[in-house]
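Taken verbatim from TrEMBL:
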- 9-216: domain 'YjeF N-terminal' (DOMAIN)
- 57-61, 130-136, ASP159, GLY326, HIS377, ASP444: (6S)-NADPHX binding site (BINDING)
- ASN58, ASP126, SER162: K(+) binding site (BINDING)
- 225-505: domain 'YjeF C-terminal' (DOMAIN)
- LYS414, GLY415, LYS416, PHE417, THR418, GLY443: AMP binding site (BINDING)
Amino acid sequence: MYIVTAEEMYEIDRYAIEHGGIDGRILMENAGRAIAERLIKQEAGSQAAAVIVGSGNNGGDGFVIARYLLQSGFRVKVYQLASNQKITGDALYHKQLFINQQGLIEDNVDAEMLQDDLPNYHFVVDAILGIGVKGEIRSSIRPFIDLLNKSDKKVISVDIPSGLPANEGIDKDIAVKADFTYVVESPKQSLFTEWGAPYYGEWEVVPIGIPEQAYSNHSSLKRWGKQAFVSTFPKRDTYSHKGSHGKGAVIGGQRTMPGSVTLTASAALKSGAGLLTIATVEDNIPIIASKCTEAMYQVLEDRDGVITKNHTDLFKAFDGLAIGMGMGRDEVTANFSQKLIQALDMPMVIDADGLHHLKPILNTVSERNHPIIITPHFGEMAMLTGYTIDEMKRKPFSIAKEFADQYQLYVVLKGKFTIITSPYGDQIVNDTGNAGLAKGGTGDVLSGILLAMIMQNQSTMAALGNACYIHGLSAEMRVKSGENTEIDLLASDVIDGLSNVFRTLSDV
Ligand SMILES: NC(=O)C1=CN([C@@H]2O[C@H](COP(=O)(O)OP(=O)(O)OC[C@H]3O[C@@H](n4cnc5c(N)ncnc54)[C@H](O)[C@@H]3O)[C@@H](O)[C@H]2O)[C@@H](O)CC1
Ligand SMILES: [K+]
């Protein structure tokens, strides 16, 4: 499923109209009808609805919805915030159809009047502003947004909660806090940002008949989901052997942090890696071996438990590496991982302390045959890029894209919405997961799953999308099944949950 900016949505609409020959009025009809059909089911117990419309095409969708609600027996009134002259084009066409069916419209509404009327309705449809909103919300509109946010009526927004920008990087002004949003055709970027998502409430995308080819060249951002996993995750060949599924190494774990590499290695094995070696300090090995019996070991030299060095040649024969978990930031350790990263051109996942080691040598890693995948959370990404965390949160998509392009890396920017970016500008969002994942160790688990996935036979973007998808899904399923709550979910539970995830996904 594609995710779009406002500009991309307009281009896609234009393409469908110009090349597909679809009339804009039909797209509006499709949008309004699809939303009304769902609303009629969703609000089956109610009898009365207020539809609040602005002067643009979002309001036009509102007129279509009002007509279908009226036809199916709802008591409906449209509250038109603008004067009659302001309603033009496709919206005017659909306004007229509503009038032809004896639909009631109150024009030039003032907020006090609407406030007095609201108790008469069971729910409110918000079609005031869509993706055409620009700049500060005008004073004529603000009181209505305020009113909806203060009222106890259920508010259902059309396309986007009115007032909320579609794109990242725009300062949010006042916006409707919807209970439910019917997103028209494609989710907009703000739905997958921490600042925007809470305004949408629950949401569903309604298709309006735009052909798939309208999206090519007009959107490079996709939401990863079950369908994407099922169509890209390779089936295990009956005649395969352990060498067919990747021989990986996890490099890290100074003496005070044996748990991190254990989690990464266990997660990699549980996600299908064929052979797994843990390279860590000697003292850690008995501790780790008691938890992860399937791994092999490579001793890293240490001084008082701090990793000092090893021969990079020892890691030449692997198919993929995960570096940095629990590794520590001592200068001598950093020198070792920098040497390793520079000497070996093979797929590698760099996480945690490894990201700090990587920073000074970023300029040296862009010319490679095999991908480097970095997995920062917002704080680590701020450290790498020099942006503040607030700036990162404001425009995570473009900052990740800029960084991936500059250093020719794959970036897995971890958060409530994990944004995966390729050096070529493609992006994927993963939104599986829950608050239980906000805990130490879950990042180590993700690195292990990523390592396993990049050693299977699938494209790098699919591997990264699939890894993030199952990591979050495991957390969700552990909580849904009652095995854990979001409070007691541990990183190791996420690993245990992978069996159920694979079983469920292979049944699809
Ligand atoms: N072909 C299309 O483009 C389709 C568009 N659709 C709907 O149309 C919407 C986009 O329509 P429009 O481009 O007409 O834009 P909108 O309806 O989102 O908004 C435009 C109106 O909002 C006003 N406005 C803009 N910024 C404002 C601000 N800061 N304060 C107060 N008022 C402001 C403008 O004066 C204009 O009247 C979508 O969100 C979707 O709901 C759907 O009908 C499907 C097809
Ligand atoms: K809206």
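From the backbone N, Cα and C atoms, a Cβ is placed for every residue, glycine too.
Where the annotation comes from TrEMBL, it is an automatic prediction and has not been curated.
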Those binding-site residues listed as GLY59, GLY135, GLY415, GLY443, and which of them has the most Cβ atoms within 10 Å of its own Cβ: GLY59
Spatial neighbour of GLY59 ((6S)-NADPHX binding site) that is closest, considering only the binding-site residues ASP126, LYS414, GLY443 and their CA atoms: ASP126
Additional residues surrounding AMP, by Cβ distance to the LYS414, GLY415, LYS416, PHE417, THR418, GLY443 centre under 8 Å: HIS377, LEU413, ILE419, ASN430, GLY433
Nonlocal neighbours by CB distance (under 8 Å) for ASP159 ((6S)-NADPHX binding site), same chain, sequence gap 6 or more: ALA31, ASN58, ASP61, GLY130, ILE131, THR181, TYR182, VAL183, VAL184, LYS188
Cβ-centroid neighbours of K(+) site ASN58, ASP126, SER162, 8 Å, sequence order: ILE52, GLY54, GLY59, GLY62, ALA127, ILE128, LEU129, GLY130, SER157, VAL158, ASP159, ILE160, PRO161, GLY163, VAL176
Neighbour-count leader, CB within 10 A, binding-site residues: ASP61, ASP126: ASP61
Intrachain C-beta neighbours of THR418 (AMP binding site), sequence separation six or more, cut-off 8 angstroms: VAL412, VAL429, ASN430, ASP431, GLY433, CYS468, GLY472
Most Cβ neighbours inside 10 Å, all chains, among the binding-site residues HIS377, LYS414, LYS416: LYS414
Distance check against GLY415 (AMP binding site) for the binding-site residues ASN57, ASP126, VAL133, GLY135, SER162, HIS377, keeping those with Cα within 10 Å: HIS377
Residues LYS414, GLY415, LYS416, PHE417, THR418, GLY443 binding AMP per the record - widest CA separation, whole Å: 14
